[in-house]
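Here the structure comes first, spelled out in structure tokens, and everything after it is commentary.
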Amino acid sequence: MLSSIDERLGELEQEQEDLRNFQELDRERRCLEYAIYSSEQSEISEQLEDTSEEYRQSVVQTAELEQALSEADRQLAELQKLKDSEKQKNDIIYAERKFVAQDLENSVSKKIKLEPLVSEIDKGFGGKKEISVIKKKLLKAKDQLKSTEGRLSESVKLLENSIALENAKKSKLNEIENKLQMLHRKAGRSEQFYSIEERNSWIEKRKNSLISKKVDLQNKFNEKMLELSEVQKTISNYILQEKKAVENIDSITDKTESTRNQSQELLVKRNDFSDKRKELWRNEARLEAESKDLKLKYQEAERKLLYSVDRSISSALQALPSIVEQLNLADKVYGPLYELFYIEEDYRVAAEAISGSSIFQVVVEDDEVASAIVTELQKQKLGRLTFMPLSRLSLISPRYPEADDAIPIINKLTFDEKFRLAILQVFGKSIICSTLEIAAGYAKSHSLTAVTLDGDRTDQSGVFSGGLTDSKKSRLELAFSYRESSESFKNSISQLDTTRAQIQEYSNEINSITSTIQSLNSTMAECEDDLLRAKADLNQVKREKARSQSELEILEKENSENTLSTQNIDTELESLEAELGSDMFSKLSNDEQREVHQLPQKINSIQQELIKVALERATHEANRNQLNNLITELLQPRVEQFLKSLESLSNTQGYRTPGFNKFNAVLEYEQAVEDEKSARVRLNELDSELEQYMDTLNSFTTSIDSIRAKKDSVQRQLNALLKGSETLLSRRQLLNQRLDECAANIRMLGVLPDEAFDKYIDAEHVSLMKKLKKVNDKLRDYGHVNKKAADQFISFSRQRDELTMRREELQKSYDSIIKLIKELDQRKDEAIERTFKLVAKGFSEVFEALVPNGTGRLIMQKSISGNTESNRSSSGAGNKKGAQKGGRKKGSSRNAGSDSEDGLGNARNKDSGVSGYVGVSIKVSFNSKEDEGLRMQQLSGGQKSVVALAFIFAIQRSDPAPFYLFDEIDANLDAVYRTSVA
């Protein structure tokens, strides 16, 4: 090969002259091409710089437009949120308006039904004004009646006094007249009787007649007195009955009035409760609409939260409440971690970077609770959860840096101290730093996890994580949003349940009050019936009392006449008795004559007085009769008429329905009118709010459309910028490719001469192209020249030198390898012989231990003559069988002509060393230590097993292994050998 290289070098020396001329032209060509490529490279670089500047400006504008687009999205989200809020309010207003419209319809219907009745009442009784007037008239009539009754009482007293005086005057007049008559009769008896005896006889007869008459009068008087007493008793009874009847009427009236007032109070209370219930119904409609909207938000927040975690976790979280309720563990399961703490919005990104999915771990009381829930989850195949038993958590006390630029995140959390261990488990070894560099320093120095407010995180291992985060997809943000929406929904449901409970309570109260009013109405109806009966009884008593009083007056008058007659008889009897004992004179005495002359004057005087007294008595009697008639015929009927009028008017307040239930028609009508008025006012307010909502909605829609139009405009500008940026990127890429091509072309020019950098620096591109064309034309004449002659000459010369050096190095390497092979063969032989000696020695010792009366040897077999490769193969086979069966009988005798051996397996022949080994054989004797021994083929199965075990135990002594596994090794052993082996 070196000779061919030398020959080629000679040919190349002959081609070098033409090559020098070619190289001169080629050098010129390369200078021209370099100038052309360099000029083009400078031009492309300027274009590339301009393009890069335009791209940078485009990137800045794109960032500004993206920020504007993000701001528009934020404004749209806020406006949409406000619009949704207004829509929720509008739904509530619509629900309330529907209820108010229904209430208005009911009020109008009720008013229309009551209007004819109220109109009829107004026509019949004049309405409330008439009631007021009648009440005033009744009060005035009662005052007049009371005043008249007082005057009547005085008149009766005066009349009684006048009657007594008149009776006294009559009695006195009658006495004087009787005395005058007796004097006249006395004066006439002297002429009537001739003797005292005749006179006395007449007097006795007269006395007897008068006494008999007096007895009759006395009997009649006694009878009349008995009748008078009976009549007085009757009148007293009637007076008591009248008093009781009046008291009964007053009691019934008071009871009726009290019942009516109580009914009115209950009616007002019922209307008040009804108004409150209506307000609660409106509130219920508002809460139902609000709850419906909050439920949708809650379900949406729950869906987003569950979609943010693994499906098995989400299904387990959904099933957790039912499992907790099923196992009755509500007081021992505290919920997922995100429900147990709160953090301000500014720190949520940092908390999200720290916690990760740990916020979905469920905090429980102890591991028994966790085990029970896990068992139920597995049983029902509802997913999986990670639990945090508080009883198994230990207190973490990390060392925080005392600096202003590092804040433990645990200090920014709000939670119950009961769950501090669980919170510390997740956030205990975390701090918030202002920058990532500061965070990395504290993380390494304090073995903490440090995080920035932007969510960039590092720990003591130095690994950084974080980057751009979207708060809308933050699981912590979704969890807090779900918790807030859940709490809002639960509060709304709680308020709705409370409102419904209050509605039910008011309904029960209204029903109870209505029932009570119906009962009171029944009582009022009974009272009215009782009042009518009591009044009828009172009138009957009054009539009976008046009749009895008339009888009493007659009896008293008759008794007075009887008394007067009796007095006259007594006077006459006294006179006759006096005359009976006196003498009989022809004329009266002077005193009697004087009395006869004086008595008529007295009689006249007494008669005049009696006339005056009678006139006075008649006046008082007429006055009494007039007052009595005024009371009985005018004032009492007027009071009763006013009472009946009020009662009739009160029937408008207790109007009987066909079902005999009472209701206050006027008040019900006024309540209906008031309800209609309030409903219309509220309806107008709601319509005004709806109009305001529509204006607000139109304003929101206009703002949203404006922002969307602005967003579309920004989007179009951004799309145009992005398209321009893509064009600029393509242009820059193309310019970079051209620049790379120019650089590649310049590199392909190879090593340039020094003149190439200055020779054509100011030349124009056109002249350079012309010169290049001329040089290329000249270079065509040297197309046959071996352009690589010099290079090939240098290359072949280098190859020759390298081959020479390589040959010397290979020779050195060969010598070193031969030396190494010999050394390794020697080490291998020594190792094999050393190992064989150890195993052979161990075999003999182990065999003698197993078979005390026998002996055994391992024999190394070596080849005396034959093919070396064959011996190696036989040796390899022999070794393999020896390892498997514990020996062989001349395993290499079929491959070698003969072999030589000694007791230790040392054979001496021409081929010494391991290459002459052909196998290992075993000779054993079980009965004698001097016998030559038997080979393996001559042994029984149990003996072979003993030999095999001895061989394995020998290997174990030579190279112990950490573990051996024997399987039924004593199956073929005799009892003696089994004991030895054991």
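Note: Cβ is positioned from N, Cα and C throughout, glycine not excepted.
Predicted, not measured: the structure shown is a model, and the values here were computed from it.
Beyond its flanks by at least six residues, the coiled coil (62-89) meets 289-290, 293, 693, 696-697, 700-701, 703-704, 707-708, 710-711, 714-715, 717-718, 721-722, 725 of its own chain at Cβ-Cβ distances under 8 Å. Sequence annotations record features per position, and here TrEMBL assigns coiled coil to 62-89 (among others).
Sorting the domain 'SMC hinge' (331-443) by DSSP state (H, G, I as helix; E, B as strand; all else coil) yields 59 helix, 23 strand, 31 coil. Among the features that TrEMBL reports, domain 'SMC hinge' is placed at 331-443.
Residues or ranges marked as coiled coil by TrEMBL: 496-558 (among others).
What TrEMBL records for 669-703 (among others) is coiled coil.
If you look up TrEMBL, you'll see 807-834 (among others) marked as coiled coil.
What TrEMBL lists as region 'Disordered' is 865-910.
Marked as compositional bias 'Low complexity' by TrEMBL: 870-881.
Among the features that TrEMBL reports, compositional bias 'Basic residues' is placed at 882-892.
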Give, as a single whole number between 0 and 100, the mean pLDDT over the coiled coil (62-89).
79
If we skip the immediate neighbours and take only residues 6+ beyond the ends of the coiled coil (669-703), which ones have a Cβ under 8 Å from one of its Cβ atoms?
79, 82-83, 86-87, 89-90, 93-94, 96-97, 100-101, 103-104, 106-108, 110-111, 114-115, 117-118, 271
